[in-house]
Each structure stands twice: as structure tokens, then as C-alpha cells.
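Summarising the annotation, TrEMBL assigns domain 'Acyltransferase 3' to 22-362. Under the heading transmembrane segment, TrEMBL lists 20-36, 56-73, 94-115, 135-163, 175-196, 216-234, 246-265, 271-292, 313-332, 352-373.
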Amino acid sequence: MQMNEIEENEIHTREKNNNYFAIDLLKALMIFLVVFDHTYPWKLKNSMGVQLWERISIPIFLVLMGFNMGLSFKRTGETSLKKLYTRVYFKKKFWRYIFPFIVAYLLSTLIGLAINDFDTEALEQFQHDWSFPHLFIGILPFWGPGNWFLPVIFWSILIMPLIYKGFSGKPKRRIITLIFCFVIEVLLQLTIFFIFDPRNISTNSEYANFLVYYRFITATPFFMLSGIGLGLWFSKNHNIFAKQNLFMWILFFISLFYLIVYQFFDFRFAFIFGDYTLFSFPYSAFLFLLAMKLIPKNPSNLFVKGIRLISKSTYHILLTQIIYFAILISVWGDHYGGSIFGINSVYDPIVVFLYVLINWVICIPIGILWWYGEDRLRENRLKRKSLKFFFFYPKHSI
């Protein structure tokens, strides 16, 4: 029991000392874009070419998810599933993701009830986009935008060691695993197209039934597996000019062309659903490689420290903005064009951008403070465990 605590502490320390500033900078920028995305209405965004710069936030996060997990597993030196699926692994993920989610669940529920005079109908806000069965995969009753990404994270905890095993072998197996990630995503898209057949939906009840299954599928990492797979692939070698990454130059231009015609010419493949697909991920993945090439690995100044702090807090900032925008929906009826101080329903660009700034100022610091408080509690817990182990088993601590 105590040895697991010591091992957990050692892993935590090693990860702190193996950061790339490019990763921290990307995470910080992307979480700012998430808040921007949930404030700026589509009526304004459609003319801003957002597919090329603003809608990259989730694809970048998925690539980073795969890359970071690949590095984390590689540092352990383990490749067998038995040693990848460990008690320490799940315990670490619980405290990193599940515990904050439980806190967010309780907070959002209490806030939702409090601002609605404890009317339980406030907890049906999830029906804005979701159904009751989705509450069991991580959708909050007092729903806010961005909530859909939480089930993706929870699912990734379960499948990431399995996918990493495919990427940890010889080059041939790694190539097959990467192709497999793309194939799985294509098969899910085709499943939605042919089996659920949204083309022939004619009634509201049929559409509601379709959405139940559609949301279950799209709120999993399997629906975006190519992005995660590319991140895991890069964890072996992230040099943009490396031989193993030359194929990315081809995929980048294909993806760029797709996003341009998607954004400016309303081109759509009938069998592809959503913005985050295998046709858009290579563009963001290439930007990731470019950032890793151009940004110094470990600079040191006050700006860097601030960026690293935001980077560490991105999950808590995500939870914070989910709750925050849930409040806006409950109070104003929408989150687009709004802040806690009001909503601009005519979508004046200047007013809306002012609200973006306000929402940044509110969500980012609160998320940082939330993460900082949890981190201090965790550090103190580990120190107490270490001291207790040293006191009772001094020979084993040397």
C-alpha cells in the first residue's frame, strides 16, 4: 500500500521534470479558444475562417492527449497490458480527472438549484442537447457547453494503455495501429450513415431517437481516434522532418484543402458528421509538430511560468467554464453572446468580444485556483504518506 504511494510520488515528480513548453503553450492557447468558442456566436464566426484557427482547439487537445500518454507510458518502460493497467495508473487518473468531475457534479447541481429557487427542473438543462441515458457517461444534469468532452476523457482512461501497446512495438505494428485508428473512425462514421440513416429522418421523435445513439457514439474517443493515434505516433519521434513523419506533409495539405472548402464553400461529405474528423485532425497535428519544432523546449521567465500554470489547470478550467456557461444558459437562455453581466442577442461584434474578455477573466483564474487547491492537498497527502512510510519502514526508504 505504502510502496504504491511512493511510486505514485516518483512518477508525479518525473512528469513535472519532463515538460515541453510548446505543449504548455498549446494547451493554454487552446483553453482560451474553448471559452472563445462558447461565447462567440456562429453568426459571427462563420465569416472568420474559424475552421483554420479557432476550431483547432479540440483536435489539438486530442493530439496532445495521445502524445502525453505516449510519453508517460514510455517513461515507465512497460509494454505489457498487465503492467500498463496498474492500480497506480487508475488511482492517478481518478485524482486527476474523476475526483474533480465529482466536485463539478456536486457544485453544478447545487448552483443550478440555488439560482432557480431549488426548482428541480433546473437539473433537466441537459435536455438542451442530451437525453437521460447520457447522464451515466458523464453529462451533467445542469449542462453547459464543453460537457461532451468529459466522456471522451473518461473513455480514454480505459483504452489508452491498449492503444499504446500497439504503438510500442516494431515499426510495422505501429503503422498498422495508426491505420487501425483511422479505420475505426471511418467505420463509426459509416455506421451512423448507413445504420441510423439520418437522411431518412422525417419526424421529431425519429430525430430524438437518432440523437440518443449519435451522442453516445460521438462522445467517445473512438469517434476521434485518428487524432489520438497521431499523438501517440508522435510520442516516438516528434521531429517534423523525421522519416516517420514525412507522410504528415501530404496529409497536412489534404486536410488544409478540406478545411478550406468546408469553411468557405460549404463542402460536405454526406457520410462524415461533425467538425472533428479524420479529415481535420492532420491539419492540427501538423501545427503541433510545427510548434514542437519552433518553440524552445524549456525557456524560463515569468511569462513561461504563467503559461505553465494555465497548462496544468486546463481540465479544471474546462470544468469551470462548463459550470459558468450553464449558469448563463439558465439565466439568459443561451451562452452565445453572453457573460455573467448580460447577453447581447443582436451579436454586436464589439460587445461580444468584450464578453469574451470578461469570460476569460472569470473562467481562467477560477480554474487555476481550483487546480492549485487540489494540487496542494494532493502534495500534502503524498508527503504524509511518505513520512508515515519512512517512520514505520526506515530501511525500505533508503
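Just so it is clear, glycine is given a Cβ too, placed from its N, Cα and C backbone atoms.
Here the transmembrane segment (135-163) does not touch the transmembrane segment (352-373). Their Cβ atoms form fewer than 3 pairs under 8 Å, with each pair 6 or more residues apart.
If you look at the transmembrane segment (352-373) against the transmembrane segment (20-36), you find at least three C-beta pairs under 8 angstroms, all six or more positions apart, and that counts as contact.
A contact between the transmembrane segment (56-73) and the transmembrane segment (175-196) is absent, since fewer than 3 of their C-beta pairs, 6 or more residues apart, lie under 8 Å. Taking every recorded stretch in 94-115, 246-265, 313-332 and counting its Cβ pairs under 8 Å to the transmembrane segment (20-36), the highest total belongs to 313-332. Sequence-distant residue pairs (6 or more apart) of the transmembrane segment (175-196) and the transmembrane segment (246-265) include fewer than 3 whose Cβ atoms are under 8 Å, leaving the two stretches without contact. Here the transmembrane segment (94-115) touches the transmembrane segment (313-332). Their Cβ atoms form 3 or more pairs under 8 Å, with each pair 6 or more residues apart. Within the chain carrying the transmembrane segment (271-292), a Cβ under 8 angstroms from the stretch's Cβ atoms is held by residues 20, 22-23, 25-26, 51-52, 55-56, 58-60, 62-64, 67, 182, 185-186, 189-190, 192-193, 198, 214, 218, 223-224, 226-227, 230-231, 234, 238-240, 245, 248-249, 251-252, 254-256, 258-259, 262, all 6 or more beyond its ends.
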